[in-house]
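S.K.: For reference, TrEMBL lists these features for the protein:
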DOMAIN    1-337  domain 'LRRC8 pannexin-like TM region'
TRANSMEM  27-47  transmembrane segment
TRANSMEM  123-143  transmembrane segment
TRANSMEM  265-283  transmembrane segment
TRANSMEM  319-341  transmembrane segment
C-alpha cells in the first residue's frame, strides 16, 4: 500500500520542476487532465450501460433489407397488377410479435456488438486514453530520462539554493547601492593590473617579534562588506559557487536536454496531425441505429435484427470535444516547436544584466545550460538573474574577501609579524585567496610580502600603513587602486616582483617615482626603446638599484638609455649566453655591476669604460682566463672584484696593478699557484681562495698588512683556513 507520505514526496518531486515548465507545458498539463477525464468518462459509460440493444427481429425481408407490413402490402399489390391472371391472396400481419426469450436477445446483443458495431465506436475510450498517455509521456520523458533528469535535478537544487542564499540578496542590494551612490564618472573600476609574479627564496632570516605591536584603527576606512555575511553564511555561499562551477563545466559540454525536449515536441506534433486526421473521419461511423444480420436463424427463427447503439450520441459529443482539445494541444505544440527552431536556445547571453548590474564579468553560457536558463526565463526571469550572481568572478572575489576577513583577524595577523635580517618589521602572507582588510590596521608594517596569492587588490586603505617602505610580490597578480597608487608613489622605496611566467612589467610600477630599488625576476624587457612597452621607465628618476633575473641575449636598451642614473645593476641571466654588452658604456654612473650566470668566457671590454665602478661581480660564468685584468687599472675606484665560481686556471701577474683593490673573491676556480704580484695589493682586507687547487701559500702574504679575512679551505695546503686579523 502506498502511504500518504510517499504520495507527498512524489508530488513534491514533480512540483520541484515547475520552474522549468513554460506556460505551454502548464497548458498541456491541464489539457491532458481533461483528455484523461474524457477517456475515463467514455470508458465508464461503455462499461456501465447497455452497449447495443437489439429487440426488433426482422420477420420479412424484401430485397435484403428488413421490410415492414405496409412495405410488404405495397410490394404485393405491385406484383399482382403486373402479373397475368388472377391475383394471389397474401396474408398480411397487422402487427409484429416478438416472442423471443430474454436470453436470446442478450445473445443477439452480444453478437451484434462484436460483429456489426464499427471498431472506432467500440475502442473510442481506449484510443483517447492511449493518446492521452502518449501526450503525458512526451511531456514528462525528459524529467525522468537518466541523462537529462540528473542534470535537471541538480540544476533545480542549485537554483533554489542560489535564490534563497543571503549572499544573493545582499549582493544585489550592494549593486543597487553602489550604482545609486557613486558618481557616473567612477562607475567603471579604475585599477591597474599587474602581471602575475613568482616566488623565490627569501634572502633574510626571520624571527618573531619580541613584543606585540598595537595596531592603529582608523575610523571610516573599514570595508563596507566586512559585516555582510557571518562565517556560516559565507561558507554556504562559497559551497554554492563551487557547485555552480562544476555544474556549468558538466552541462555545457553537451546538448542532451535540448535534443530530448525537441524530439518530444516533434512526437507531439506528429501525433496531433494523426489524431485530427483519422478521428473526424471515423466519427461518421458512429450511428444510433444498426441493421444487424447474424446467422442464428436456426436458434431464434430470425436472421436480421434492428439494433440501437445507445452511446452513439454522447460518444459523438465526447469525440468532438476531444478533437477540440487535441487542436488546442497541437497548436501550442506547434508554437513551442516554432519557438525552439527560431530561437538560438543553445546560447544564453547576460548582456542586458551586465549593463544593468555591477557584475560586468558574468559570462555567457551555451548548450544545455543555456537551454535550461531559457526555460527558466519563460517561468520567471528573476531566477536567471539571481543565478548569475554565482557565475560572476567579481561576486566570488567579494565573497572570498569577506570569508578571508572573517578568518584573518587582527590578532592572527599580529602573530605573523616578524623582524627580518635587516631588522625591519615584515608581514609575509602565503597562499591566501586575497589580502585581508585587517592588514591595514597593522601600521607598524615596514615590509609587506605577498606570495602565491592569485589575486591581490590594494585598496585606498593601504595609506594607513604609514611605515610601509618595501613591497614583495611573488607568484601573485596585483591590482592597485588609484588612491593606493598615490600612496605608494610617495612612500615605497623597494619593490620586488617575481613573475610566474615571462610577463610584462605592470604599468603601475612606472608611477613609483620615489622608488630606489627594483628587483625583477622572470619579466620581459623589450630590447628597443621605440616600443610602446617601455613608456614609463624614464619616470623612475630616483631608481638607483636594478636587479634582473631573466634570460637575455643583450642588456636591454631601455636600461642603458632610459636609466642612465643607475648606480647598481645586477643581471642574473640563468645560464643563457649574454652576447652584446657594448651599450654598457652609456652607464657612466654605475658603481656596482653584477653579471651572474651569463656564460661569459672573457671579461667584457665595455666594463673598462665604467670609470665610477666600485664593485664588479662575475659569478658563475665560464671564465677560463682573465688576461684582461690589466685593464682594471683604469678603474681607479674599483675596490671589490669577484671572479668566483668560474673555471680560472691561473691569476695573471698584472693583478698587482690593482693597487686600490680591497676585496678579492677567487673561490671555486681551478687556480694552482698564486703570483707574487698579488701581494702588491696592499689594501686588500678580504681574500677568498677556497675551493681551488693550491698547494702552498707564499710567505709574501705577510705584506698584506690590512688583511682581515683570508680563506683557503678545500685546497691542498696543510692549513685549510687562515684568518689574519689586525
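Note that Cβ sites are derived from N, Cα and C of the backbone, with glycine treated the same way.
Distances, neighbours, how buried they are, the whole picture for these features please.
M.R.: With a threshold of 8 Å between CB atoms, the same-chain residues lying at least 6 positions outside the transmembrane segment (123-143) that come near it are 14, 17, 25, 28-29, 32, 35-36, 38-40, 42-43, 45-46, 149, 152, 257, 260-261, 264-265, 267-268, 271, 275, 279, 286, 315, 318-319, 322, 326, 329.
With a threshold of 8 Å between CB atoms, the same-chain residues lying at least 6 positions outside the transmembrane segment (265-283) that come near it are 118, 120, 127, 131, 134-135, 138-139, 316, 319-320, 322-323, 326-327, 329-330, 333-334, 336-337, 340.
Panel annotation: around the transmembrane segment (319-341), residues 22, 24, 27-28, 31-32, 34-35, 38, 124, 128, 131, 135, 261-262, 265-266, 268-269, 272-273, 275-276, 279-280, 283, 286 of the same chain, lying at least six beyond its termini, place a Cβ under 8 Å from a Cβ of the stretch.
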